[in-house]
Amino acid sequence: MSAIQAAWPSGTECIAKYNFHGTAEQDLPFCKGDVLTIVAVTKDPNWYKAKNKVGREGIIPANYVQKREGVKAGTKLSLMPWFHGKITREQAERLLCPPETGLFLVRESTNYPGDYTLCVSCDGKVEHYRIMYHASKLSIDEEVYFENLMQLVEHYTSDADGLCTRLIKPKVMEGTVAAQDEFFRSGWALNMKDLKLLQTIGKGEFGDVMLGDYRGNKVAVKCIKNDATAQAFLAEASVMTQLRHSNLVQLLGVIVEEKSGLYIVTEYMAKGSLVDYLRSRGRSVLGGDCLLKFSLDVCEAMEYLEGNNFVHRDLAARNVLVSEDNVAKVSDFGLTKEASSTQDTGKLPVKWTAPEALREKKFSTKSDVWSFGILLWEIYSFGRVPYPRIPLKDVVPRVEKGYKMDAPDGCPPAVYEVMKNCWHLDAATRPSFLQLREQLERIKTHELHL
């Protein structure tokens with residue numbers, strides 16, 4: 001290990017670059033691709049004490065492993081499979097053949113160094129749109145500005161907004177899927193040879209969720225075909241590389257296969273979504289202590305996101321999963337972004353989303369707190385859909401006039417007070433997740449003494 005490299009602290013995750021059989025009794029053997037966790041630095045900086053997935057500890061050589069890093073979404077061109085770099089106008093037109101309306105790529109501008117060009121196939125022709133770079137922002141029409149190319153492409157994928165067509169299908173750069181390099185560099189790329197796909201456990205709009213086996217461990221695998229939605233899932237995986245908490249579903253790694261698509265591999269949550277878990281068991285099986293534990297599990301995950309300046313934006317019982325040992329973990333980070341960013345509100349679940357987020361696209365930890373209040377209501381109603389007997393179109397007008405749902409049957413008054421505190425129309429008066437956790441822990445302590 002180089003003398004200038006700082007020692008890795010305890011808890012650092014590493015991925016093995018080579019096989020290590022060990023030469024002494026205290027060594028920890030491992031195979032290329034294994035994930036190891038640093039336990040302590042040794043006196044010799046070239047060696048660490050580490051543990052493997054099953055908790056066995058031993059000494060490992062530092063130069064055989066690579067530290068896992070968080071992938072920063074939105075800053076790396078390598079996460080954009082439609083970006084082709086320095087190619088000419090003529091090369092772009094050849095790549096967009098045979099013609100297919102909505103097929104597109106982005107290249108560096110040959111006429112305007114520093115700018116980009118969006119090339120789009122439409123009605124048998126290829127249109128070239130200059131993307132101007134000015135004052136650290138990007139724009140095609142000098143009306144709408146974007147922080148980066150990903151945001152720009154995301155916008156025109158959902159709306160043509162003056163272009164000849166909406167962007168439908170990216171022309172993936174030949175020979176490589178750029179994201180692969182980035183996940184490999186940061187230690188999150190897994191090998192397809194080590195993954196067995198067993199059975200479909202869920203179907204979504206963008207692909208399937210499958211039960212898999214990765215090196216003898218059960219895993220869940222999101223399988224996404226390479227299309228215009230792949231970028232959103234790469235962004236989700238990028239967010240997950242930056243987050244680590246016992247109540248967040250853990251990313252194990254990413255596989256990018258040019259022909260077969262994108263695979264996001266996470267820990268397997270045997271008991272499925274919290275909403276289904278609650279509905280299938282109900283009041284006769286689940287006691288108040290169990291409901292309070294699930295509430296605290298989710299609250300602790302959200303307190304962690306709050307502390308790391310992430311906003312989930314889609315918190316609901318359907319996006320919380322339950323493990324074999326009944327631990328609730330927050331999942332589905334598809335909309336999760338750093339707290340400063342905004343978002344199109346077209347696809348947001350109205351009944352779970354804070355009024356200011358629907359009205360003004362103002363997302364913050366406090367809008368997540370509103371959603372947490374709805375999730376608490378779901379937990380204590382054993383998975384009922386919120387705002388029962390109110391037509392969807394009437395929910396927002398009634399909420400904005402101050403309407404709050406009644407307490408679910410049998411819900412402790414103290415828990416209902418927590419829900420109502422989450423539903424203040426003034427976001428600033430809602431509690432933080434730290435305060436919510438403290439309130440729920442006080443309720444738990446009080447119940448233990450009853």
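Just so it is clear, glycine is given a Cβ too, placed from its N, Cα and C backbone atoms.
These numbers come from a predicted model, not from an experiment.
Copied from Swiss-Prot, the annotated features are:
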- Asp314: active site, proton acceptor (ACT_SITE)
- Ile201, Gly202, Lys203, Gly204, Glu205, Phe206, Gly207, Asp208, Val209, Lys222: ATP binding site (BINDING)
- 9-70: domain 'SH3' (DOMAIN)
- 82-171: domain 'SH2' (DOMAIN)
- 195-449: domain 'Protein kinase' (DOMAIN)
- Ser2: N-acetylserine (MOD_RES)
- Tyr304: phosphotyrosine (MOD_RES)
- Ser364: phosphoserine (MOD_RES)
- Tyr416: phosphotyrosine (MOD_RES)
- 9-70: region 'Interaction with PTPN22' (REGION)
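Feature map: Swiss-Prot annotations on the structure.
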residue: Ile201; record: ATP binding site; DSSP (3 states): strand
residue: Gly207; record: ATP binding site; DSSP (3 states): strand
residue: Tyr304; record: phosphotyrosine; DSSP (3 states): helix
residue: Asp314; record: active site, proton acceptor; DSSP (3 states): coil
residue: Ser364; record: phosphoserine; DSSP (3 states): coil
residue: Tyr416; record: phosphotyrosine; DSSP (3 states): helix
Once the chains shown are all counted, how many other Cβ atoms turn up within 10 Å of the Cβ of Lys203 (ATP binding site)?
10
From the Cα of Lys203 (ATP binding site) across to the Cα of the residue listed as 'phosphoserine', what is the distance in angstrom?
30
For Tyr416 (phosphotyrosine), identify the closest of the recorded positions Ile201, Gly207, Tyr304, judging by Cα separation.
Tyr304
Across all chains shown, how many C-beta atoms besides its own are within 10 angstroms of the C-beta of Tyr416 (phosphotyrosine)?
18
List the Cα distance (Å, whole number) between Ile201 (ATP binding site) and Tyr304 (phosphotyrosine).
29
Cβ packing number for Gly207 (ATP binding site), 10 Å threshold:
21
Any idea what the Cα distance is from Gly207 (ATP binding site) over to the residue listed as 'active site, proton acceptor', rounded to a whole Å?
19
How long is the line from the C-alpha of Asp314 (active site, proton acceptor) to the C-alpha of Tyr304 (phosphotyrosine), rounded to the nearest angstrom?
16
List the residues of the same chain that sit at least 6 positions away from Val209 (ATP binding site) in sequence and have their Cβ under 8 Å from its Cβ, in sequence order, or write 'none'.
Thr200, Ile201, Gly202, Lys203, Ala220, Val221, Lys222, Cys223
Give me the count of other Cβ atoms within 10 A of the Cβ belonging to Asp314 (active site, proton acceptor).
21
Rank the recorded positions Ile201, Tyr304 by the number of other Cβ atoms within 10 Å of each Cβ and report the first-ranked residue.
Tyr304
Take the Cβ of Ser364 (phosphoserine) and count every other Cβ within 10 Å, whichever protein chain it belongs to.
19
